[in-house]
There are 2 protein chains.
Amino acid sequence: MTRFAPLKNDCFLRACLRQATDYTPLWLMRQAGRYLPEYRATRERAGSFMGLATNVDYATEVTLQPLDRYALDAAILFSDILTVPDAMGLGLSFAQGEGPKFARPVRDEAAVGALAVPDLDRLRYVFDAVTSIRKALDGRVPLIGFSGSPWTLACYMVEGAGSDDYRLVKSMLYARPDLMHRILQVNADAVSAYLNAQIDAGAQAVMVFDSWGGVLADGVFQQFSLAYTARVLAQLKRTGVDGKVVPRIVFTKGGGLWLREMGALDCEVLGLDWTVNLGSARTLVGEGARGKALQGNLDPNVLFAPPAAIEAEVAKVLASFGTPHTDTTRPGPTHIFNLGHGISQYTPPEHVTALVEAVHAQSRALRRA
Amino acid sequence: MTRFAPLKNDCFLRACLRQATDYTPLWLMRQAGRYLPEYRATRERAGSFMGLATNVDYATEVTLQPLDRYALDAAILFSDILTVPDAMGLGLSFAQGEGPKFARPVRDEAAVGALAVPDLDRLRYVFDAVTSIRKALDGRVPLIGFSGSPWTLACYMVEGAGSDDYRLVKSMLYARPDLMHRILQVNADAVSAYLNAQIDAGAQAVMVFDSWGGVLADGVFQQFSLAYTARVLAQLKRTGVDGKVVPRIVFTKGGGLWLREMGALDCEVLGLDWTVNLGSARTLVGEGARGKALQGNLDPNVLFAPPAAIEAEVAKVLASFGTPHTDTTRPGPTHIFNLGHGISQYTPPEHVTALVEAVHAQSRALRRA
C-alpha cells in the first residue's frame, strides 16, 4: 500500500466531520480550470481536454495549480464528470468550443439492457491520477475525489450531450420508468465502485455531484435521484488508505427545496447553491447529533465584482451561516466555504485572491467576536 | 368604452379569487405555440415571429387556436415577453432558429441613464390585440394579459439575449447595484403602465412572469426581483373595463424557496413550477383569509409520455394539492392547473387532449369523493 505524507492542514476534513476549526475552510468547485492562465497553458500542451484529463502528469499539474496561487484548504481531483459512462462504452468526445457528446447515447431498451458496471481497469488513469496528486500534495491539504450522481450521469447518457429541457431523459423517465430505474441501478453501482477505487488510491473525501437533480419534479427527485445517491452512499468505504474516515459530500444543484430529505442521507456534508439561505439550512439540517456540515454557497458571479464588493458578499455568506461552533469536545455546526456552482472561466484570477483572503480573515474574526 | 360579451365560463376567475368551483380550471403557459400545426401555418403566413406578434389579426387568430382544440378555461394574450424593452428602443429581433436579441443592450451608465418608461403608443399593437382577442372570445373564457417581471426584462436588456450564466447582468448587479436599481425602477413603472393599459383594453386577469428570478441568490432575489414585482403590483388597477376585479398572478420560476415571502405579495395567485410540493405550498401560503390561489405545476415533459402516464401524473398533481374547498359562502384554498413552465414545441397535440380531459374529469371526481 502506498504511504502518503502526513496531513499538514486538516481544517477542511475537521469541518466535514463537524469538528471546531480556527477559521472557515475554503475550496472552489472547478478551482483547477480555464480562468487560470497556467491551466490554459497546460491544456494547450495536452492538445485536448481528454488528453489533459487522461494523462496522470497533466492531471496532477493542473490539480495543484490553484493551490500554488491561493491558500485553499482542499484539492479536488481534476477529471471529467463523464468518465464512468465513457468507460461503459458510450464514446465520449469534446468538440471544439462545445460541451461533451456521446457517440452512442442510451435511448432504447436494447441500449439500456446492454449497460453494465464498467471494468474499472478502463478508469485506471483516474485512480493513478488520484495517487499521483496525493503524492504531489505531500500533505499540504486533503484531496477530494468525485463522481457525477447516478441521475446526472443518466441525463448525459440519454440526452447524448448537455440539454436545456431534458426532454429525452424525462420522456424515458415518464414513459418507461422501468428503463430509467435500470440505468440508475447500473449507474449507482458503477459510481460506488468508482469512488471506492478513488478512496483506495488515496482520496481523503469524496463528493457526489448531482448537478441536474434540481430539474426534476417534486416526488420524482426523491425516486429517481435521491434514492440512487443513497444507494451509492450505502456502498462507499468509510475509511481511506491511512485508516482515517473519508467524509462524503452530496451536492444537488437546485435541491434546496428537498433539504430536509437530503438531511436524512448517510453522508457527512451537504453542498448548497446560492438560492439557499445558509442560516435556514443550518436550522433544518446542520444542528443536533445527526446534523450535516454545510458547504457553499457564494454565487460565482460575485467574482466579477471588484474586491470590496466580494468582501461584502463573503461577509453576508458567513453571517448567514452564523458563527460555527467552537467546542472542541464534541461535533457541532460547521461551514465549508465554496461557491454555489463551478467558478466561471471568465473570472479574473486576482479576484479569487480577494475571496480567499476575505473568507479566512473574516471567519477568524467571527470566531473571536 | 368597448362593451364585451358576458362571460360564460368563469371557473378560472373564480379559482383566482379563491372561490369554490365544480372542477379545477386549466390553462397552459405558451398554449398558443409551435406544438400546434395551425400555429405553425399562421406563423408561416406572417413571415416572422414579430410579424405574427405585432399583427392584431394574427395575434387574435393564434390566441384562439388552442381554445378551438381543447376545453381550456382561460386564454392568454399571444405576445412576446420583450415588447416593453423593445418599445424602450433597444431594437428587438429574432434571428432564424435563435432566441431574441437586442441590437442595443444596456451595459453602461450612459445606457442606463437613457432608459425611460416608453411611450405606450409604441405598444398600441398589444392593446389592440387584447381588445380584438376579447371580442373574438365572445365570452367563452376570460383573457389573461401578461408581462415579464422587471428583473426578467433586465436580464435580457443587459445580456442582450438569452444567457446560461447571467454573467453580464449579475456583474452589473454586484459591481454597480445603483445602475441595476435604476433599470429595475424604470422597468417596474413601465410594466405597471403596460399591464394597466392591457386591463383597460379588456384583460380580465394579468400575470407577471418572473422567469429568471430563480437564478438569483437568497437575499438578492428579495432585493432585486421580489421588491420590483411588488412595485408593479402596487401600481396595478384593481378592476377591469367591466368593473370586475382583475386577479394578479405572479410566477417566479425556481422561486419555491421564497414561497413564504411571495405569500406576502399583494396579488391573488402564485404560479409554481414542478419542483414545488403543492401540498406544502398550500399549507404555507394557500390557507387562511390572506392565502393565495395556487397555479401549476406539471412538468411539461410529462406530455411526452403516453396518455395513461399523463393521467397518472395529473392524479399526482391533484392529490398533492388535495381537495379544493367547496364552501361557496367564503374564499378558501383553490388550485388552477397549469404546467410548471411553457409547453414544449415538441409536444404531441393529442397528448394535450388527454391532459385536459384528465384534469377536468379527475378534479370533478375528487370533489364528489
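The backbone N, Cα and C atoms fix where each Cβ goes, glycine too.
Annotation comment: TrEMBL describes B:Arg30, B:Gln31, B:Ala32, B:Gly33, B:Arg34, B:Asp80, B:Tyr156, B:Ser211, B:His341 as substrate binding site. Under DSSP, B:Arg30 (substrate binding site) is assigned to coil, being neither helix nor strand in the three-state scheme.
Sequence-distant contacts of the domain 'Uroporphyrinogen decarboxylase (URO-D)' (B:25-34) (same chain, six or more residues past either end, CB-CB distance under 8 Å): 11-12, 14-15, 40, 43, 62-66, 70, 72-76, 78, 144, 336-339, 341-343, 345, 352, 355-356, 359-360. Sequence annotations record features per position, and here TrEMBL assigns domain 'Uroporphyrinogen decarboxylase (URO-D)' to B:25-34 (among others).
If you look up TrEMBL, you'll see B:144-160 (among others) marked as domain 'Uroporphyrinogen decarboxylase (URO-D)'. Under DSSP, the residues of the domain 'Uroporphyrinogen decarboxylase (URO-D)' (B:144-160) split into helix, strand and coil as follows: 10 helix, 5 strand, 2 coil.
In the three-state DSSP assignment, the secondary structure recorded for B:Asp80 (site 'Transition state stabilizer') is coil. The site 'Transition state stabilizer' annotation in TrEMBL covers B:Asp80.
If you measure from the Cα atom of B:Arg30 (substrate binding site) to that of B:Asp80 (site 'Transition state stabilizer'), you get 10 Å.
B:His341 (substrate binding site) sits 15 Å from B:Asp80 (site 'Transition state stabilizer'), taking the C-alpha atoms as the reference points. Of all the recorded positions listed here (B:Arg30, B:Arg34, B:Asp80), it is B:Arg34 whose C-beta has the fewest other C-beta atoms within 10 angstroms. Between the farthest pair of Cα atoms in the substrate binding residues (B:Arg30, B:Gln31, B:Ala32, B:Gly33, B:Arg34, B:Asp80, B:Tyr156, B:Ser211, B:His341), the distance is 23 Å. The Cβ of B:Tyr156 (substrate binding site) lies under 8 Å from the Cβ of B:Ile81, B:Leu82, B:Pro85, B:Pro100, B:Phe102, B:Gly148, B:Gly162, each of which sits 6+ residues away along the same chain.
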